[in-house]
Amino acid sequence: KDLFDRTFGRDDEILLNTGKMERSLEATTMENTTSSCFLMERKALVKINRKEVMLAKLRKSCSCTPQKLKNFVMDFFPVLRWLPKYRCKEYIWGDIMSGLVIGIILVPQAIAYSLLAGLKPIYSLYTSFFANIIYFLMGTSRHVSVGIFSLISLMVGQVVDRELLLNDSFSNTTAFNLTIVGINAESLTFVAGVYQVLMGIFRLGFVSMYLSESVLDGFATGASLTILTAQVKYLFGIKIPRSQGHGMLVITWINIFRNISQANLCDVITSAICIVVLVTAKELGDKYKHKLKFPLPTELVVIAVATLVSHYGKLNEVYGSSVSGAIPTGFIPPKVPEFNLMLRVAVDALPLAIVSFVFTVSLSEMFAKKYAYTIRANQEMFAVGFCNIIPSFFHSFATSAALAKTLVKTSTGCQTQVSGVISAMVVLLVLLFLAPLFYSLQKCVLACIIIVSLRGALRKFRDVPARYHVNKMDTLVWVVTMSASALVSTEIGLLVGIVFSMLCIIVRTQRPRTALLGQIQDTNFYEDDLEYKNLSTVPKVKIFRFEAPLYYANRNYFLKSLYRLTNLDPNLEAARRKKYEKKEKQHLKKGNHRTVNGLGIGETTLQLVPKQIDFQALVVDCSSISFLDTTGVNTLKEILKDYKNLNISVLLACCNPSVIDSLKRGGYFGRDFECMQEMLFYSIHNAVLFAKDQKLPADCSV
């Protein structure tokens, strides 16, 4: 305490832990204006008996009490916690309004997205109904809308198209093909749900951390281009062969231009009118959304009018326009997905499960933060998993949360997932009574609804310049992910995006920023000499900063940057000196008392160190080094040894505790840590003051 008071000029006390734990003492030089020092004590790590901890957790998890069983059930079905506390007068009207609006929007979207999935419209209606009911019971988010989602429908459709092409080679019976296709979609959905439940059991939600915002945006934009391409044939009413596999986008456009002469004029006119009406309504809705209590049901109005015109104008019979066809009412008897088909689609189900979970959790967290409540990501994984498993028995396909419908829910007063039940009732009404009314609906109208719904994703192209200005690397990740998703396939695009994003991180740690620091005038702080003006150089001291972890992948870059910025490679300098000394010995053996430079023997020492060595201490700023591996520790030991041979001290500053522990375990401070107080400092300024106080020969000679 006396030493602390003398150093800092105050009467504060250093509180020390006086327990029985063993202490690990680290001596660190801390300076104010003099070179006095005090000791900082590290708390000793308490040794934990991992076996006993594991056994205790196992006993706790395996024990079963009535209270624990109750908590488990209520955690698994969160509705049991919040529904009894439901504020009916405060919440009910907002939930009813948002539920009705979403239900009205769901009907045309469900029928439209069936085109993406390559399935009959009834599959989409079943999916919307069951997903809303199950998420009501198991979800932890109050606002997200779970059901059909364009990207998920596209990924399902790609598997459906592949299986349909495969089955075409074995059978020419259309009914047989449609049955097989439906069973494949159900098996795919079941396996994706099983993956999600297993991820929840093993708590693998961290997988979503590897999907950065740039990867997700690039994936969504690339998939949107694929969706747009898949719908163009319906806009023109042309029939082209299904494209499957890599390069589907390019092949489809080639086939479209080859067959453009076969375009159906009725479909072209209908598509043009629908797109103009939908885009105009969307733009007006966005412009005056603050004045509207709920969004205009434009899609429903367009579908109703188009269906009436198609029915009474007999567009299918007279002009050959393609229509939706019969949509059965009621529920088809449930059926267990086939195990043999599950094995065939097991690989396809993995990216589907990850994308579905990531979008659901991302939206849940976003709206939970906005409305000040919390969600449980692991329970969300269970919820979306069972939203896939259970409906797969009832002729449904994979689901996910959708941003557009979630925004509509919040803007129309949604308070809880009771709104999801209202939406499910609207879909149920269509399933039981109103489905046959959509028989004459043209497919080109559905394609227009899908294409207009992609505006948000396609508008991200306009954000590329701003994105590039903010972060060039993230923009490159976006471009690569988008291109791979559009030009190769959605699954490959997602994988490419994740891998490329991780490679970018590795590259950034392999070649991080390095700098020599100068002193900010009249302060104890130091900054990059190339970035800031009016910095003072410290005589006889070089301060080097490395802004990344030091590990095996960037070891060579660390050394090259250090040698380049300090203008000294100690290995080359040592080799030069050995060569010079060898020549001197040869001259002395020959009896020549003058050196190779014509100097006397007494003058030789002055020539051993080149003029460019203008420092006697190297301070390494370790504040940005988050960790060291074995190679990193050995690298620091290597420079310590090499510079010591040149009479140059190496001082480490601003090391975090984990870096200090790595250095100690690696033997950097020697066996007894005796020199630790002269090698390790808690600030750059303390290291600089210590270096200035060192008394080395003026010529820094060996």
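Any Cβ shown, glycine's included, is placed from N, Cα and C.
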For this session: Would you please say which range out of 214-236, 444-466 has the annotation transmembrane segment in TrEMBL?
Result: 214-236
Problem set entry | Same-chain residues at least 6 beyond the ends of the transmembrane segment (144-160) whose Cβ lies under 8 Å from its Cβ atoms | 102, 106, 109-110, 113-114, 116-119, 124, 127-128, 131-132, 135, 181, 184-185, 188-189, 219-220, 223-224, 226-227, 230, 244, 248, 345, 348, 351-352, 355-356, 359-360, 363-364, 367, 383-384, 387, 397-402, 405-406, 408-409, 420, 423, 450, 453-454, 489-491
For this session: Report yes or no: does the transmembrane segment (382-404) come within contact of the transmembrane segment (416-434), defined as 3 or more CB pairs under 8 Å with a sequence separation of 6 or more?
Result: no
For this session: Kindly say whether the transmembrane segment (416-434) and the transmembrane segment (91-115) touch, using the definition of 3 or more Cβ pairs under 8 Å where each pair is 6 or more positions apart.
Result: yes
Seminar exercise, completed: The recorded stretch from 91-115, 180-202, 214-236, 256-280, 341-361 sharing the largest number of CB pairs under 8 A with the transmembrane segment (478-507) is 214-236
Exercise. Which range out of 91-115, 180-202, 256-280, 341-361 gives the transmembrane segment (214-236) the most CB pairs under 8 Å?
Worked result: 256-280
